[in-house]
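**Student:** Below you will find the structure I want to go over with you.
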Amino acid sequence: MAWIWISLLLPILIYFPGCFSESEEERLLNHIFVERGYRKELRPVEHTGETVNVSLALTLSNLISLKEADETLTTNVWVELAWYDKRLAWDMETYNNIDILRVPPDMVWQPQLILENNNNGVFEVAYYSNVLISSDGFMYWLPPAIFQTSCSINVNYFPFDWQNCSLKFSSLTYNAKEINLQLRQDLDEASQRYYPVEWIIIDPEGFTENGEWEIVHIPAKKNIDRSLSPESTKYQDITFYLIIERKPLFYIINILAPCVLIALMANLVFYLPADSGEKMTLAISVLLAQSVFLLLISQRLPETSFAIPLISKYLMFIMVLVTIVVVSCVIVLNLHFRTPSTHAISERMKEIFLNKLPRILHMSQPAEPEPEPWSGVLLRRSSSVGYIVKAEEYYSVKSRSELMFEKQSERHGLTSRATPARVNPLNANNSQDQLYGEIKPAIDGANFIVKHIRDKNDYNEEKDNWYRIARTVDRLCLFLVTPVMIIGTLWIFLGGAYNLPPSLPFPGDPFIYTKEHRRLI
């Protein structure tokens, strides 16, 4: 019979051991939460007027991103909370020297701290880890969280900027008379004195560095608004500050360098000849390229009217300058294609644009042709003009018969007279008038040809002068635009390069909020 009872009780002993025995932790939990009648809705104080001290610390694991367009800072942190709840204390000897209990956070009282300046509607932590309870009633809670906080972006010096973001914690349930928010205090082993942890804790082994932002200052501070009553929930808060500086290399390579190179291409417009027809095409192409970059920058930054980013100032400066280049191209092309039949060049204009400015701008000038031996004839004329003049002189001293048979005599080998025939002056004058009347149509035709050639040369010379004026204006614009572009570029970007973060976290406060400069209590 005994073995029958054993076979019946053995499965029960295996599968239901709790029916016959209870662990020390279970007895302790039952004693604290059931027998004592623990109520998590009540503050852990013996008297109503007492204040619960809640210490807070923040450990930064990763600065994930800062989205300028949304003005949102995303961080991965560990929120460290600690307080005392004497209702949960116990005698370690009674419970087999158990010194720590781990319970879910919804079983105990919490100070209900929230992130005030969140930007996504999530006020609490992401994961509710267990709360550690010590035998003396000390409560320690270290939940992880990924916070998205609102961060006001100062775009003045983008991309050579620095930002001051913060994580502000407060309790919207309890006022300053009910809970006292304070920074965590650690013990200085050398002096055996406590000091507040007035900075964000960064574990070098667990911290992941951000590729765009560099952390400069990480102070932590308790803020008290003296203008409010301690009974207000906004009277006190603990704020952790992140002063970060942008690493501009990404923007220099991908935005600034292309912008500067494309802007310098605007100077090539002045080297293109006007006859090529590509001056306007190149200038407008540069203008459109800068417009595309300005559009890309506007999508990256917040829509604000309080400040203009540094890169936007530069792009606007270049766009205005390229617009001036386009206008100068229009003027140069207008001057280049002018003709004497539509426009006349004044003497003052010739003096300025053909003599003075070319010498100042060190422009090469065409060599002046040497004048011909006779006056009254155009410098650039046909050689036939000289023959006509010589013919008139020749006919005036030769008799008509000599003129008729001179060529035949030369053809048959006869020599002509060395001296001209002497004729009666009266007969000579009559003969000359008769000869002039016969050759007058030929002389008129020759004069017409000379006049036509002279007019054509004058026309071409005037047109060449317009070409030279257009070239002078083109060179003048080059000498004006290039220095303005270089000086403006250096002035804008050097102003951003000297925009350094502050040497101290708070203006007027000489304290450096680091562990090396901790303040002992």
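Glycine is no exception: its Cβ is also placed from the backbone N, Cα and C atoms.
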**Student:** Between Asn164, Asn429, which does Swiss-Prot record as N-linked glycosylation site?
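**Tutor:** Asn164, according to Swiss-Prot.
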**Student:** Under Swiss-Prot's annotation, the disulfide partner of Cys165 is which of Cys151, Cys259?
**Tutor:** Cys151
**Student:** In the same chain, who gets a Cβ under 8 Å from the transmembrane segment (476-494) while lying at least 6 residues past its ends?
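**Tutor:** For the transmembrane segment (476-494), the nonlocal Cβ contacts are 160, 256, 260, 263-264, 266-267, 270-271, 310, 313-314, 317-318, 321, 324-325, 328, 332, 357, 361.
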**Student:** Measuring Cα to Cα, tell me the gap between Asn164 (N-linked glycosylation site) and Asn53 (N-linked glycosylation site) in whole angstrom.
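**Tutor:** Computed Cα spacing between Asn164 (N-linked glycosylation site) and Asn53 (N-linked glycosylation site) is 29 Å.
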**Student:** Applying a 10 Å Cβ distance cut-off over all chains shown, what neighbour count does Asn53 (N-linked glycosylation site) have?
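**Tutor:** Looking across every protein chain shown, the total is 13.
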**Student:** Any idea what the model's mean pLDDT is for the topological domain 'Extracellular' (22-247)?
**Tutor:** 92
**Student:** Near the transmembrane segment (248-272), which same-chain residues lie under 8 Å Cβ to Cβ, leaving out any that are not at least 6 residues past its ends?
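**Tutor:** Long-range Cβ neighbours of the transmembrane segment (248-272): 159-160, 211-212, 278-279, 282-283, 286, 289-290, 293, 296-297, 311, 314-315, 318, 321-322, 325, 329, 474-475, 477-478, 481-482, 485, 489, 493.
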